Amino acid sequence: MEGRRRVTYKVNRNVLDEGDLDEMGEKSLTKPSLLDKIKDSASCTGPKVKNCMLGTFPVASWLPRYAFRENALGDLVSGISVGIMQLPQGMAYALLASVPPVFGLYSSFYPVLIYFIFGTSKHISIGTYAVMSVMIGGVVDRLAPDSDFEFWNNVTNNSDIDFASRDQERVRIAVAVTFISGLFQILLGLVQFGFVVTYLSEPLVRGYTTGAAIHVIVSQLKYAFGLNPKRYSGPISLIYTVVEICYLLPKTNIGTLVVSIVSIVALILAKELNAFLSKKLPVPLPMELLAVIIATVVSWQVDLEERYGVDVVGTIPSGLQPPALPAMSLFGQVVGDAFALAVVGYGIAISLGRIFALKYGYKVDSNQELIALGLSNSIGGMFQCFAISCSMSRSLVQESTGGKTQIAGALSAVVILFITLWIGSLFEDLPKAVLAAIIFVNLHGMMKQFLDIPALWKSNKVDMLVWVATFILTVLLNPDLGLAAAIAFSMLTVIFRTQLPKYSLLGQVASTDIYKPVEDYDKAKQVPGILIFRSSATLYFANAEMYQEALGEKSGLDITKMLLIKKKLEAKRKRHEKKLAKKAKKELKKNKQEEPNSEHQQGIAVIDVDNDPDSSLPRAIILDLSPVNFLDTVGVKTIKSIRRDYGEINIEVILACCQSGVVESLQAGGFFSSNVTKSCLFNSIHDAVLYCQSEKSKISFSVQGLFFFFSSIFFPCVLLASQELKETNF
């Protein structure tokens, strides 16, 4: 503190209210009309067309300026590394989506090329993602359960499943939900709805992905143990599935279990080795690919499927599927799931994209990202792909291996294309247990997110509550309903925080124009005769009543009771005057005299009151509205009510630090009139305090107001005096 350079300043100016400031600053009163805005946005100029084209096709803006020497080698190495990583992940995540593994390869090819053209992030790796896959798997298994494809086998005298028909129907469902989710994303991007991601806070996203990871793990247990449990859907289905698997554990296929354990242990050791050698190796070793190759060779040589009953991938057709429109008859059944997929996929992609953009100093367009992901899903859906997003593990590999542009993603798609066209059939003997092991090991990063709970407990308990609630809701209600419930809960926490703000009385820090809460700063002292009140939240219908109550509590004035006493005294005074007038009229009629003039009224009792007001009451109340960023009609009425009520007991109410939108709301709400002008609004608290302390702000107390002060404080005495007046014969 001693070594800090201090800069002093002095301000010498008049106290300025809002009206003075508008005049001095020459506030513009003309605003463009809605028609002018529409004309401006609809006008077509050369620069606008160019910006629109470059915004729609971002590849046209950066590809011509691609720095070949600086970026080519890094993008090449990164693209090959990510492509090799896409192979086992794409096949594994296809199992999560309950479709044949080859469709995971399709989903790692088409969407990546489309994002290359329309996307704005340079580092995220688009493709299959565990959370998205398990959400699709839930929809697919709900609409096409195994029970719908059972038939009686006369040879074995058992019920079998028509796997070919089942897989065909499941692909149709996955394609339909993917296509609709893409259309949702395109529509939201076109209407500039990218801000929807602001409702997906980081604690919500991390809690959601952790809960979804639990669903992923449970869904792969059947492949790890070689079981065939019933498929449950709807809320609490995860619990039913776990119970079912525990019930079937005695029927575990030992060969499958051994393959799973060996694969998991080998992958964990390989990843630890990779981490240990990360500084010495230019490119991480493709351990997952090695695991897939070794497991395929062993399975082929040992014939694991025939000898030990180990479930394998099966037929992988070579080549690509021709484009076809999804089945429109399914749209009505999957529209809700599609919207959830659209929001989740976008939220994960934009969150990770912004992290890399902040790190490397470029901008990610949130609305264009919606369009890019939407085109990737909708066009990909026509080529038999299921919904995609970005993977954190692949994105980190793409960055760490030197990837600097979207070229790396395009090269990874080329690697997948090569595998799909020529060598995909070589992996037909790959055990599904190995793919499940790859999923288990890849989810260890999500499991580490449980460490968020103690960290959030220390930093922000409300965010911790959002994380925990999101996790529980996702686990219990499944990823689709869980997301909606989590967003609703997150919104409730915002409402509760605005409904329960912190109310403070401000005091002046000595020898400054700075005002701080007196309960937080020992050197902040209240200005004598002036009450400065602040709420930490905006003022709107949900907390307007509490705002008034908090003001009364902080000021120590029960305004409702005081106004009630005043009304009673006014009514009593009028009744007393009416009684005296009637009595005087009777006397005049009796004595046949004219109407009495002022000389005949000298017998009326008059209560003398001290000309000084009660010193325990504040002279003025200043409402600091700096935290208020908008006012609704209820908020405007609340401020009008406060000014009117306190004005009736001769306490002036001043508004300070009003934002321009708040002033406009006050004006539109009828706050200002011939008696209430902008002279009660000030741009700073200090100006308002100086105004209240000046001669201009002194309150002229009427006889009626003084009578009220006296009577409200000495009410018992007034009652006694009133009783005596009733018994007096004037």
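Even glycines carry a Cβ here, placed using N, Cα and C.
Per TrEMBL, these features apply:
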type     : residues : note
COMPBIAS : 574-589  : compositional bias 'Basic residues'
DOMAIN   : 520-692  : domain 'STAS'
REGION   : 574-605  : region 'Disordered'
TRANSMEM : 93-118   : transmembrane segment
TRANSMEM : 124-144  : transmembrane segment
TRANSMEM : 173-195  : transmembrane segment
TRANSMEM : 207-225  : transmembrane segment
TRANSMEM : 256-273  : transmembrane segment
TRANSMEM : 338-358  : transmembrane segment
TRANSMEM : 370-394  : transmembrane segment
TRANSMEM : 406-427  : transmembrane segment
TRANSMEM : 434-451  : transmembrane segment
TRANSMEM : 471-496  : transmembrane segment
TRANSMEM : 701-721  : transmembrane segment
**Message:** If you count every Cβ pair below 8 Å, which range out of 93-118, 338-358, 434-451, 471-496 shares the most with the transmembrane segment (256-273)?
**Reply:** 434-451
**Fill in**
Mean per-residue pLDDT in the domain 'STAS' (520-692) works out to 81
**Message:** Which range wins on Cβ pairs under 8 Å with the transmembrane segment (434-451): 93-118, 207-225, 370-394, 471-496?
**Reply:** 207-225
**Prompt:** Can you say which of 338-358, 370-394, 406-427 has the most Cβ pairs under 8 Å with the transmembrane segment (471-496)?
**Reply:** 338-358
**Request:** Decide whether the stretches the transmembrane segment (338-358) and the transmembrane segment (173-195) have at least 3 CB pairs under 8 angstroms, with pairs required to be 6 or more apart in sequence.
**Result:** yes
**Complete:** Here the stretch out of 93-118, 207-225, 370-394, 406-427 with the most C-beta pairs under 8 Å to the transmembrane segment (173-195) is 370-394
**Request:** Please figure out which one of 207-225, 370-394, 406-427 racks up the most CB pairs under 8 Å against the transmembrane segment (93-118).
**Result:** 370-394
**Per-state residue totals over the compositional bias 'Basic residues' (574-589) - DSSP helix, strand, coil** = 16 helix, 0 strand, 0 coil
